[in-house]
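Down below is the structure, laid out as structure tokens.
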Ligand code: ADP
Ligand code: MG
């Protein structure tokens, strides 16, 4: 990742003022220990940890040193944007911390705050770097009140607030920044010039608050020092950076100031910037919150966009007036300060556009390298998995094995070679896996199609068999009827012949294997050997008949009938049984075939 930097947070607890002590105010609830601010509550103790905690006794010098502001100034010299802002309720010591001691009229009488110290530090560093770089320093000073931007260093200070009645406009520039239009910017050659301008602006701030009828604590002020540096050895190397020193309006709640109704509404509108700032801090501090911070909702957050969650080094100084009466305000200040400490900025060196492009490209290269190495790791990881899989399965794929063998040389090759090799191996392994899968899939498909075809065949043959069975049944039916008819005819004939004993001789066996609609021959016809017996009986019966002609004619008639009957029964009956047997065998065979197919199909499914 790029050079990430959390917003540094310092908490300064101011001492009780003389008049507060006289009024009997106490500090019985706020204490500090090292980097911790402790809230002593009746039931449970709360403690907040910060980068820097400055107790009541801390001097301005100690604040400057503890907050490592010198390092921030060094960053500005190197080309980074830096922001220092003071946050806290009215009277908590923001202006005191930023500017220094003021008299009762608000005139700075001891310029020992962060701003004057920073300006001196800046010019000291400029002096130290004078042989390498040529620096130019520019100052501007503005305040935001009721969502309007006023120039505190306007040319005609007496009339400027009338001219600026609607405030200065703000626009979005190509460098992804909000800039205030027509804001006076002064070039300064020394720290004194800058401090002088700052004092002038601060005085104007108070004058403006009188003219516009508001307390100066209700406006936000931004003192901006812009630094341009040109490398003397390489004049193309041009850097611009800025140092923003911000004194915010009081963060007190409306209930404390006693404003109600319309005034309260006005107060909310006036502090819209502060409210938006709190929202931005809350959103940015919560990494799970993907909401876009509402920078554009207020002038202050627009101008501090780079400072909070942007590309600046940023220091927040949360000021606390430790009076017991301000307990809620102090807890709120500590909570916002804690949130701010979670915000990550990515400070970026502000080189000139050409260098910026080069640096951007370098950064891109770095990030691509990083991605590449990650991809490399990922590929190696995947390769290892594939290798393990290969080892476990003991694949016989020679190509794959040779690829894996190659992997033992991974350590000795360059990263790029490794990447190519690994990719190659992965592709090959993947393709061989794919082939195996494809083969399996085709096999399975073929088997499935075979099975479906077999089922279809089975169904078809079943249908055919059913139809054939139906036909056989019909044939059986008609034959049975014919047999019945013949039996009846036989019976009549036997009656006429007078040999009833012959009729039940050797009844024909039924084919035992045919169950349904098979031969139902109750009175089977005579078979040829029975005929001879019949003839013998007939001859015996008519042996003693005196009338030879009658005997002969009867004999001839009987013979004729027997022959005719024999022809009818033999000619039909025998083929009938053989047909049955044939059909039965066919059905049996079909059933066997079906059974075989079924069992084969079941095997294949398994
Ligand atoms: P704010 O700007 O937050 O409204 P000020 O900076 O005006 O508050 O401070 C309010 C009062 O407290 C001033 O009279 C200031 O001189 C005093 N004060 C603030 N901080 C300190 C401090 N650390 N030591 C002594 N006096 C302080
Ligand atoms: Mg103030």
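Cβ from N, Cα, C; glycine included.
Per TrEMBL, these features apply:
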DOMAIN    6-343  domain 'Kinesin motor'
BINDING   88, 89, 90, 91, 92, 93, 94, 95  ATP binding site
COILED    358-385  coiled coil
REGION    495-517  region 'Disordered'
COMPBIAS  495-508  compositional bias 'Basic and acidic residues'
REGION    542-571  region 'Disordered'
COMPBIAS  542-552  compositional bias 'Basic and acidic residues'
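Of the chain residues outside the ATP site list 88, 89, 90, 91, 92, 93, 94, 95, 14, 86, 96, 217, 250, 319, 321 have their Cβ within 8 Å of the site's Cβ mean position. Ranking the binding-site residues 89, 92, 95 by the number of CB atoms within 10 A of their own CB puts 92 at the top. Residues 94, 95, taken from the binding-site residues 92, 94, 95, are distinguished by a CB atom under 6 angstroms from ligand 2.
For ligand 1, the neighbouring binding-site residues among 89, 91, 92, 93, 95 are 91, 92, 93, 95, by Cβ distance under 6 Å. All chains included, 28 other C-beta atoms sit within 10 angstroms of the C-beta of residue 88 (ATP binding site). Neighbour density at the Cβ, taken as the number of other Cβ atoms within 10 Å, is lowest among the binding-site residues 91, 93 for 91.
Sequence-distant neighbours of residue 90 (ATP binding site) (same chain, 6+ apart, CB under 8 A from its CB) are 215, 217, 249, 250, 252. For residue 94 (ATP binding site), the number of other Cβ atoms no farther than 10 Å from its own Cβ, over all displayed protein chains, is 28.
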